[in-house]
Amino acid sequence: MICGIDEAGRGCLAGDLCIAGVVFKSEILGLKDSKKLTPKKREALFGEICEKSTYKIVTFSSLDVDHLGLSKCLNLGLKAITEFFGKEYKFIFDGNSKFGVKELNTMIKADAKIPEVSAASILAKVTRDRNLTIAHKKYPDFGFLTHKGYATKAHIEALKNFGYTEFHRKTYHIKALEKVLF
């Protein structure tokens, strides 16, 4: 049996890093890479995936990422998922790095090729987006609901104007901000 694994938030300046693992109990139709689905469709599929699969979601805050480092967070999250499911599964992780977890099989674009990885992509993305709603409510001027924590022009402008929040990864240095913040 396959356990699909994917993450959301690896390249962001703000927000959580979410890693999900999914094993199907029954078939789920309409799965695609989460980036190719509308937010409404992702939300609908999130519930169906939770009902029709066994899953684990591991979340690291921006503070965790700053303290431990991105690679260590990925290593710990991937280990937590492989240990949760056990050795009888074939673990397929989207990408080309195992982050020190020997049980993983990596595949570039697995989120578009393997339904279990597509499902993991959706769980990770929806979890992360829901958590960013909290950041948006606290700091509406940052536009978290629009840029989702990525380094868009609008996000960098907000950082220049308002500085970092507790949702930002402070170890991620941005050249455009060095003169302003450092």
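Here the Cβ of each residue, glycine as well, is placed from N, Cα and C on the backbone.
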Given TrEMBL lists Asp6, Glu7 for divalent metal cation, the same-site residue among Asp94, Asp129, Asp141
Asp94
Which residues in the same chain, at least 6 apart in sequence, have a Cβ under 8 Å from the Cβ of Asp6 (divalent metal cation binding site)?
Ile19, Ala20, Ser34, Phe93, Asp94, Ala110, Asp111, Val117, Ala120, Ser121, Ala124
Compute the mean position of the Cβ atoms of Asp6, Glu7, Asp94, which form the recorded divalent metal cation site, and then list in sequence order the other residues of that chain whose Cβ is within 8 Å of it.
Ile5, Ala8, Ile19, Ala20, Phe93, Gly95, Ala110, Asp111, Val117, Ala120, Ser121, Ala124
For Glu7 (divalent metal cation binding site), the same-chain residues 6+ apart in sequence with C-beta under 8 angstroms from its C-beta are Leu17, Cys18, Ile19, Ala20, Leu74, Gly77, Asp94, Ala124
